[in-house]
């Protein structure tokens, strides 16, 4: 019959054309769903917190020139002032995990903005080095909160199809904040020395005000709502932040399973075990981790460590010093060159956001870190030549500036955004807040060590030697990422645990997961999507 097909004794109900093609072959291809605008808006608002850190990093690189002149501080005090905010932010990032489980992700973001607002004001009105350090301490706590909570919230509201794109926003806004800081340096550099640096630091209070107000328009994280047993509210948020109603239902089902809530529970409010404030989480993370959790923890902490140990904060914070060593002596010239660094970082991070969900995490991460090795090695080479020359060498100066720009571009295209994307999406729901806070803590400690020792380091082993050292760290990172990091593109947050647990066998697990998805799409894996009648096989 023309309307029925029979093959290998199996009768299919799908209509078949004369040339053995079904009507479905002529159906239009399913269009890729458009980006969810509501999830996009939530990610934007949450990620605005990252401007706070970026602005501080950028503005301090130029403000320190005038602070050192006005307060008459030495190089050791300068190093400490530059990097101590990263150490202070540990307090915020460690507290943020418990706070976000207690009051929710949204109000934790508001708290981050309020704390940084106070810190910026204290720095702007500082009258002494000690007063300035108090302001750095308060601002550091706010930065720690912001760094931990922004990627976690964004990952929890994002649909899987665009999670990489949306979760990279914190890094986008860090770079945007750095650029604003550089512009602020240049804008206020013409003021009297004692006023210029105070305006540079104090203006940082303005973004935090808009942040605190804007965040109040955001919904709470659906995963946090489920952890509190508020299923009705979670369903409403998921309906708004998913690409389809079916995806919203699937996400809710997966979150309920991860939170230990029976699938048959459909009430708007249900009772849940009181594990949502961090009880037992640290034991599961550190004392009795499963192989999967141990693998996740190593990957989450490792990527944060290598992001900073490869020298990015040394380049960003001390770019005026690097350009001075390269032969640019005027203050305006150094500040303009530094603005160029911020501009390149911002442009490349915007490009990266559109590549994360197209190319994947691993290819971008590996190509980024390999490029960083090459640019750091060349930068060390050019600075060594300049350092040993008694006259200006134009080609070496040009090469040095080019390599600084290439390094920040390569960092921002992969290593920068993927660190926050990857570490926020791989932790299981029950461990996500505390696991992410541990990653941020390692990030800030490493950044603080690099920032507070860079001047002493380059004086001890030369400026070129310092960048050769960073290149060596980046080489180790390349091997580490290649061996241990599975691809997470397109996986739901609840599927992540299946990819981890076998340090060297994760590729096989990824293949099994892919095959399982294919079988779900095609029915039983052999029917090519056709609907099979019951027991119609002829013998």
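Backbone N, Cα and C define each Cβ position, glycine as well.
Taken from TrEMBL as is:
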- 38-68: transmembrane segment (TRANSMEM)
- 42-489: domain 'Major facilitator superfamily (MFS) profile' (DOMAIN)
- 80-97: transmembrane segment (TRANSMEM)
- 109-131: transmembrane segment (TRANSMEM)
- 137-153: transmembrane segment (TRANSMEM)
- 165-183: transmembrane segment (TRANSMEM)
- 195-218: transmembrane segment (TRANSMEM)
- 231-258: coiled coil (COILED)
- 335-356: transmembrane segment (TRANSMEM)
- 368-386: transmembrane segment (TRANSMEM)
- 393-415: transmembrane segment (TRANSMEM)
- 465-485: transmembrane segment (TRANSMEM)
Long-range environment of the transmembrane segment (80-97) - Cβ separation under 8 angstroms, sequence gap at least 6: 53, 56, 60, 64, 67, 73, 108, 112, 115, 129, 132-133, 136-137, 139-149, 278, 313, 317-318, 433-434, 436-437, 440-441, 444-445, 447-453
Contact call for the transmembrane segment (38-68) against the transmembrane segment (195-218), three or more Cβ pairs under 8 Å: yes
Spatial neighbours of the transmembrane segment (465-485) far in sequence, C-beta under 8 Å, 6+ residues away: 295, 298-299, 302-303, 306, 309-311, 314, 361-362, 365-366, 369-370, 372-373, 376-377, 379-380, 383-384, 422, 454, 457-458, 503-504, 506
Selected stretch (most C-beta pairs under 8 A with the transmembrane segment (195-218)) from 109-131, 165-183, 335-356, 368-386, 393-415: 109-131
Folded-back contacts onto the transmembrane segment (393-415), same chain, C-beta under 8 angstroms, at least six residues removed: 171, 175, 306-307, 310, 312, 315-316, 319, 322-323, 326-328, 337, 340-341, 344-349, 351-352, 355, 364-369, 371-372, 375-376, 378-379, 382-383, 385-386
Any contact, the transmembrane segment (335-356) to the transmembrane segment (165-183), with at least 3 Cβ pairs under 8 A: yes
Folded-back contacts onto the transmembrane segment (368-386), same chain, C-beta under 8 angstroms, at least six residues removed: 306, 310-311, 322, 325-327, 393, 396-397, 399-400, 403-404, 406-407, 410-411, 413-415, 418, 462-468, 470-471, 474-475, 477-478, 481
